[in-house]
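Enquirer: As annotated in Swiss-Prot:
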DOMAIN    1-36  domain 'EF-hand 1'
BINDING   D14, N16, D18, K20, E25  Ca(2+) 1 binding site
DOMAIN    37-72  domain 'EF-hand 2'
BINDING   D50, N52, D54, E61  Ca(2+) 2 binding site
DOMAIN    74-109  domain 'EF-hand 3'
BINDING   D87, N89, D91, E98  Ca(2+) 3 binding site
DOMAIN    112-147  domain 'EF-hand 4'
BINDING   D125, D127, D129, M131, E136  Ca(2+) 4 binding site
Amino acid sequence: MDRGELSRVFQMFDKNGDGKIAKNELKDFFKSVGIMVPENEINEMIAKMDVNGDGAMDIDEFGSLYQEMVEEKEEEEDMREAFRVFDQNGDGFITDEELRSVLASMGLKQGRTLEDCKKMISKVDVDGDGMVNFKEFKQMMRGGGFAALSSN
C-alpha cells in the first residue's frame, strides 16, 4: 500500500483534521459505513496500535491497523473462494457428499467414504445440522483444514 492511499484512507477517519484518529472518530467512521463495533473493540484497536500512548492513532499507527484490516479482508476472500469450491451446489453449506467429491477430485486419501466425511464434518459442525456453513468452515480452516480432521 502506498503512502498516498494510506493518507486518503486516514483522512476519511480523521474528521477534524488534527492528524490523529481519536476513539470517537474511529467509532463514527465504522458507524457511517454500517459496521457496529462495540466500544471495547474500539478501545482494543486503539490500545493495540497506539504506540506513543497518546490515546489516538497517528498516520503511522493507523497504517498498521489498516494493513491488518486489508490482510483480514484478503483472507476472508480466500476463504470464501475455497468454500465455494466445496459448496458445489452453491446453497451455502458443505454436505458429506460434496466433501467426498472434492477430496476425491483432489486425489486425497482422507474422506474416501461417506462415513469418513460425516465424521470429519461432525468435528466442526457446531450447530449440529450435519453440514458445514461458512462460519464453521473458517474455524476449521484456521485449525488445519479437512485433512487435519481425518487424523483422529
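Cβ atoms here come from the backbone N, Cα and C positions, even for glycine.
Help me see these features in their spatial surroundings.
Expert: Among residues of the same chain six or more beyond the domain 'EF-hand 1' (1-36), those with a C-beta under 8 A of the stretch's C-beta atoms are 42-43, 45-46, 54-59, 62-63, 66-67, 70.
Taken residue by residue with DSSP, E25 (Ca(2+) 1 binding site) is part of a helix. Within the same chain, residues at least 6 positions away in sequence whose Cβ sits under 8 Å from that of E25 (Ca(2+) 1 binding site) are F13, D14, K15, N16.
With DSSP states grouped into helix (H, G, I), strand (E, B) and coil, the domain 'EF-hand 2' (37-72) comes out at 25 helix, 1 strand, 10 coil.
Counting Cβ atoms from all protein chains shown, D50 (Ca(2+) 2 binding site) has 18 others lying within 10 Å of its own Cβ.
Here the domain 'EF-hand 3' (74-109) has long-range neighbours at 116-118, 120-121, 129-134, 137-138, 141, 146-147, meaning same-chain residues at least 6 beyond its ends whose C-beta is under 8 angstroms from one of its own.
Annotation note: N89 (Ca(2+) 3 binding site) sits in a coil segment as assigned by DSSP.
Beyond the domain 'EF-hand 4' (112-147), the same-chain residues lying 6 or more positions past its ends with a Cβ under 8 Å from any Cβ of the stretch are 79-80, 82-83, 86, 92-97, 99-100, 103-104.
Residues near D127 (Ca(2+) 4 binding site) in space but far in sequence (CB under 8 A, at least 6 apart, same chain), listed by position: N133, E136.
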Enquirer: D129 (Ca(2+) 4 binding site): which of the binding-site residues D18, D50, D54, D87, D91, E98 have a C-alpha within 10 angstroms of it?
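Expert: Passing the 10 Å Cα cut: none.
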Enquirer: Specify the secondary structure state of D127 (Ca(2+) 4 binding site) as given by DSSP, simplified to three classes.
Expert: coil
Enquirer: Let me check the 10 A CB neighbour count of M131 (Ca(2+) 4 binding site). How many other CB atoms are there?
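Expert: There are 18 such Cβ atoms around M131 (Ca(2+) 4 binding site).
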Enquirer: Among D18, D54, D87, D129, the binding-site residues in question, whose Cβ has the most other Cβ atoms within 10 Å in this structure?
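Expert: The most densely surrounded of these binding-site residues is D87.
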